[in-house]
Amino acid sequence: DAGSSVEEMEFNWDEYLEDTGATAAPHGSFKHVDTSLQNGFAPGMKLEVAVKSDQNTYWVATIITTCGQLLLLRYDGYGEDRKADFWCDILTADLHPIGWCQQNKKILKVPEGIKDKIPDQEEFLQRVLKGACSAPANLLEGLHRGKNPLDLIAPGSRLELQNIRDSLEAWIVIVVENVGGRLKLRYEGLEDLDKFDQWLFYLDPFLHQVGWAAQHGYSLQPPLAIRSLRSEADWQEILKKVKEEEEESSVPTDLFKDKPVIGVHSFSEGMKLEAVDPMAPFVISPATVLKVYNDKYFMIEIDDLRAERASSQRYVCHVNSAGIFPVQWSLKNGLHLSPPPGYPGQDFDWADYLKQCGAEAAPQSCFPLLSSDHGFKENMKLEAVNPVDPEEVCIATVTKLRDSYLWLQLEGSKKPVPECIVSVESMNIFPVGWCETNGYQLRPPRKAIVNKQKKIAVVQPEKQILSSRTVHDGLKNQELNSSDSVVINGKYCCPKIYFNHRCFSGPYLNKGRIAELPQSVGPGNCVLVLKEVLTLLINAAYKPSRVLRELQLDEEAAWHGHGETLKAKYKGKSYRATVEVVRTADRVADFCRKTCIKLECCPNLFGPQMVLDKCSENCSVLTKTKYTHYYGKRKNKRIGRPPGGHSNLEVAMKKPNKRRKRRKHFFVHKKKRSSTSVDNTPAGSPQGSGAEEEDDQDESELSHSLAQDRDKRKRKLRTFSFSDDENKPPSPKDIKMEVAEKLQLDSNPLEWSVADVVRFLKSTDCAPLARIFLDQEIDGQALLLLTLPTVQECMDLKLGPAIKLCHHIERVKLAFYQQFAN
């Protein structure tokens, strides 16, 4: 109606999962999505990179990991030392394939940091490049540089699609839309007629680059369903036009290198089996091998015993096709086998049926082995294509599992759909958040849990200090904000997070439970992947509530990421707290390392790098006492822990009516971030209420920490605290700030190198801190962005040394504005 206002209903996966009590299917279970996120570069590939300290020289580097258009690199010669690893952007960094320097008469020169380790440069290069795999030249240079290979399948691109309904002949299809690798395809020659459009994932075994049919001996013929729409002369004219424009609309061949390889089958005509029709995957039915084309392809038909039937359900298969099973598979798995139409009675018996048909059952050896090692469990949620209307992607619930097959109940479809039977390797199922990430409409459930009053915080993004410890110099001139998108080029940005089970698990995490965790999580949306990782760690703890307390967000600290509410259960009580997670790929490695240190475990216990044989931290040789002292108490005292210890951690009892009110004051609610905060009140309990802690030790620790923190805050007003590495407290003259002293600079600090910054610091009373600047490779640009909170957090300095250091930084800033700003 005119003038009426309609409230937009926005579906929220997190709220929906919480409301239903379900979990999301793990991202690693969707192999086709994992493959689609690969950017053409792989760990272990080598390339030639400009040396940061001397842009006129280059050196060989190895790819450690990839994430969208970002590469984590390590110069050859550093061995297992990851301290010098650096991120770079393919679009902006000076990167080239192996051999480029020699072809273009550029200088290959060992970087200064490893000069002593490589006495003979020529001999070293011959050794490391022998049998090495170079990064693809086409992805480093020209039009394809920095592009995700998947983006090269643009609307208007042409492919060849085999007709699986009545023959193996192929015909040209045009890409109408590309949604994260899921392609909407239209047959060439139909122009705007969308009645015969199809949706297929780009890795579908029946989809090929143009020219495939001719190379493999198949003819190009339009399918029977559309052949009558044009004359034979028209189809030939269309084919001629396609061949003339082949180069303009073709897709790179190497894009299909990860397609499943079709193996050799051993089926014969007339064999019987059980099958699921891919066009209507709702029941399992008896089927017959109707025709064998060659050693790779055969056609099956769903059995129909009726004398008069309108149509037949037949389709082409290969040995790894989903939905084909040996005779009696349904019976062995306790499933219903739907008798063929026209079969007398409902009690189907395979022995009688084979005898009646005079046929033999396809032997077990014809079928591939089915695996149950896939990560899916009952009641897990995911996103799935509606087989009745492939335009729709719906919320799906796993209702049943058998071997490597799932029974899915779709929610929110325009028309009700029976449970669908899909393979765990189906390319029509996707992880939670896939639609949102790729900008596609997910069909919400009919009774959706929605954000009716979604609060949006308008926060000025904080500029982050960038150094090559986190991001390569090619990115340094860009400002990464805390509000940056969680995706790169519309794709997932978080790399795989590996659980390195051999590493030291610390005092909080149960070693046995850690060993049971999956090898990796992701890739995917940064927030979702890290939330899944932290949830797994909490559940692997001796006391999950204690780990949640260690991870909770310090609301008085600077806000750098995204607040997520995590939950823990321990001894019948439920706990929840707000935990900060990062939103961009370049900060994931540092986030994982800092979280490990919070939990006093090996910094490599989990992160984007897999520990193969020996941990770089050598954690296995240290005793538990020494290790916890080194990573926990001495170097980082309760990193990230809020002053009150339990300031935003709440607990809900199973019986809330028996709360002890005298302990209510233990839980303090801070409202400093009301616009962005998550409601931490447990369901069914009043806000601000508390309950018993898990034991008396935790209670005494809590009240003691509250009193101790109050004393600390009082003392902080009248005294300074200095870092442990100083031999004695400074005298008053050391603290005195000479504000009137004016600094005269000989050069513009914006142009200072790391060496210039170190040289300046060594001329001040903060000379011992110069090593930190050298290690973190902070140059003049980064120096001018430093502030007191950043110095304390990033350099782990106490207040006294941080103030002294910031005094000198402010002097440089003042001199810069006076001498060079104009």
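Glycine residues also receive a Cβ, built from the backbone N, Cα and C atoms like all the rest.
Taken from TrEMBL, the feature compositional bias 'Basic residues' applies to 655-674.
The compositional bias 'Polar residues' annotation in TrEMBL covers 675-688.
Annotation source TrEMBL lists compositional bias 'Acidic residues' at 691-700.
Helix, strand and coil residue tallies for the domain 'SAM' (749-815), in that order: 52 helix, 0 strand, 15 coil [DSSP]. Positions annotated as domain 'SAM' by TrEMBL: 749-815.
Annotation comment: TrEMBL describes 633-733 as region 'Disordered'.
Residues annotated as repeat 'MBT' in TrEMBL: 11-111 (among others).
Per TrEMBL, repeat 'MBT' is recorded for 119-223 (among others).
The repeat 'MBT' annotation in TrEMBL covers 233-340 (among others). Mean predicted confidence for the repeat 'MBT' (233-340): the pLDDT average there is 89.
Annotation comment: TrEMBL describes 348-445 (among others) as repeat 'MBT'. According to DSSP, the repeat 'MBT' (348-445) comprises 15 helix, 31 strand, 52 coil.
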May I have the DSSP-based helix, strand and coil counts for the residues of the repeat 'MBT' (233-340)?
24 helix, 25 strand, 59 coil
